[in-house]
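*Asks:* This is the structure I want to talk about, given as structure tokens.
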Amino acid sequence: MTQDFQSQPTERDYQALERQFNVLRDKLRQIDKQLASATQNNTRMVSMLETAKAEILKLKAALEKDGQAPYSFATLTQINPRKAEAFGANAVTEETVDVAYQGRKVRVGLSPLVNISSLSPGQEVLLNESLTVVAALGFERTGELVTVKELLGTDRALITGRADEERVVKLSGALLSQKVRVGDALSLDSRTGYALEKVPRSEVENLILEEVPDISYHDIGGLGPQIEQIRDAVELPFLHPDLYREHGLKPPKGILLYGPPGCGKTLIAKAVANSLAARAAERSGQKETKSYFLNIKGPELLDKYVGETERQIRLIFARAREKASDGSAVVVFFDEMDSLFRTRGTGVSSDVETTIVPQLLSEIDGVERLDNVIVIGASNREDMIDPAILRPGRLDVKVKIQRPDAEAAADIFAKYVTVDLPFHQDDVQAHDGDPQATVDAMIQRTVEAMYSTDKSNEYLEVTYANGDNEMLYFKDFNSGAVIQNVVDRAKKYAIKDLLTTGDKGIRIDHMLRAVVDEFREHEDMPNTTNPDDWARISGKKGERITYIRTIVQGKAGQEPGKTIDTAPNTGQYL
């Protein structure tokens, strides 16, 4: 009895079995879920493989079909991506493109091998026999040359072509990613009406140098008062516009720099742009502030075709307004201004100035304002410039750049003769080994030799209409360009001595010899037979000159001095 009772299961055993059963049942459920997920994944993989197989077969068929020649060329005009139709959510249109083909516009399909995102309007494509795009090519490299007159939105432009014919065209995909400006030259595909690419035109771009020269006022010697006058006229309105508005004062629109050749007119114009950029950077607290210098080479604007010079002037000021629209300072510099804008009615064989001058006047004070744009003109014949340009309100400030006196010449010499140059040991020892003292003594001796009024420096004898005579010396024809040439000659002589004798360094004798040789090369008169014209060029003003006699040739012992109208071999003027 006791053994039978002990073999019967207890309540605890039933509970243990129940727990084991529940664990097994949970495992079975997990296995069922995993099996269902595996079945689903398997079904998905089968579907994907079938889809891939279908795509491969489709691409294979397309490749076999599209790879058969011949092909036709067409130009892409519009892209039509896939989109849902309005009458049904499930109905969609296939990707298509519009092309210009054989003089007509055709909507064609795309091969599966062509990605629609790689296409751009104006691009060339290849069509197979069924008129399906099978390949994308580049843009046409040839076309008609046209000029942008006006931009119409972001993708169209009004252009002018042959015989000033105007036309509205579309911009190709290549141009949409570039900055197209008024005046740009474009290549036009006249069949499709697409402008394809920008064409650099050297005859225009060479006239407009947009980089700011690396020249400051500190690089210019002997022109302190003139520089101060220019800085007051140019920099104050740009740096303190609020004060000018408060006082009701308008900034000057232009500056005329006039005077003899080689005295620094072009250097000053370049320094203006550099100084404006530096001052604007100081005011804004930035390291650099952009400014622009448009250097217009005067005579190169002249063109044999009527209206071309005026068009280029309009282009120059359009470019200046564009650059100044963001607040940057723009300097428009007309070098040799008398060659372009001479007095109307003075032309002997042409009358181009009758339209060129009014074009400049309308640009300076026309309907369109010139904000942040400064016009600077340079000329050594200011008497030939049209008076309408020089009146107040146009070129307001007129600065005469005179020939340097002895003090100014020493200042200019100091820009070229510096302590870092190699000087001869004898000259340095003569000044106790002090390079700066050597430089100062060398400059002083050279200036004294140049500005001496003894017989060795006599150059011209001038007779005025009232009978008075005046002796002109070499100093009366000195300029910054001559001084630079003298220093360059002295350096060349020092190099030749080093190569021949082994003595290294510049000597005072080199400088004095350079002065003599420089003046000897320029002993001839200007290439003119009119004494009045010569007086205007050389910078001497006053009584009318009736007779000029050269002195240098007589001193050289070759032949007596001659009048200007009989002196042969006339060379460049100083």
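Just so it is clear, glycine is given a Cβ too, placed from its N, Cα and C backbone atoms.
Caution: TrEMBL annotation is automatic and unverified by curators.
A quick note: this is a predicted structure, and the numbers were derived from the prediction, not measured.
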*Asks:* Out of 14-41, 98-125, 322-349, 434-461, let me know the one TrEMBL marks coiled coil.
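*Replies:* Among 14-41, 98-125, 322-349, 434-461, the range TrEMBL annotates as coiled coil is 14-41.
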*Asks:* Mind telling me which of the binding-site residues Gly262, Gly264 has the densest Cβ neighbourhood, counting other Cβ atoms within 10 Å?
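*Replies:* Result of the Cβ crowding comparison: Gly264.
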*Asks:* Of all the binding-site residues given, Cys263, Leu267, which residue's CB has the most CB neighbours within 10 A?
*Replies:* Cys263
*Asks:* Six or more residues out from either end of the coiled coil (14-41), which same-chain residues have a Cβ under 8 Å from its Cβ atoms?
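*Replies:* Long-range Cβ neighbours of the coiled coil (14-41): none found.
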*Asks:* Neighbourhood of the ATP site (Gly262, Cys263, Gly264, Lys265, Thr266, Leu267): other residues with Cβ within 8 Å of the Cβ centroid, in order?
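*Replies:* Near the ATP site, beyond Gly262, Cys263, Gly264, Lys265, Thr266, Leu267, sit Leu257, Gly259, Pro261, Ile268, Ala378, Ile401, Ser479, Gly480, Ala481.
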*Asks:* Tell me the Cβ contacts of Thr266 (ATP binding site) under 8 Å, same chain only and six or more apart in sequence, or just say none.
*Replies:* Phe333, Asp335, Ala378
*Asks:* Does anything in the same chain, at least 6 positions from Lys265 (ATP binding site), have a Cβ under 8 Å from its Cβ, and if so what?
*Replies:* Leu257, Tyr258, Gly259, Ala378, Ser379, Asn380, Ile401
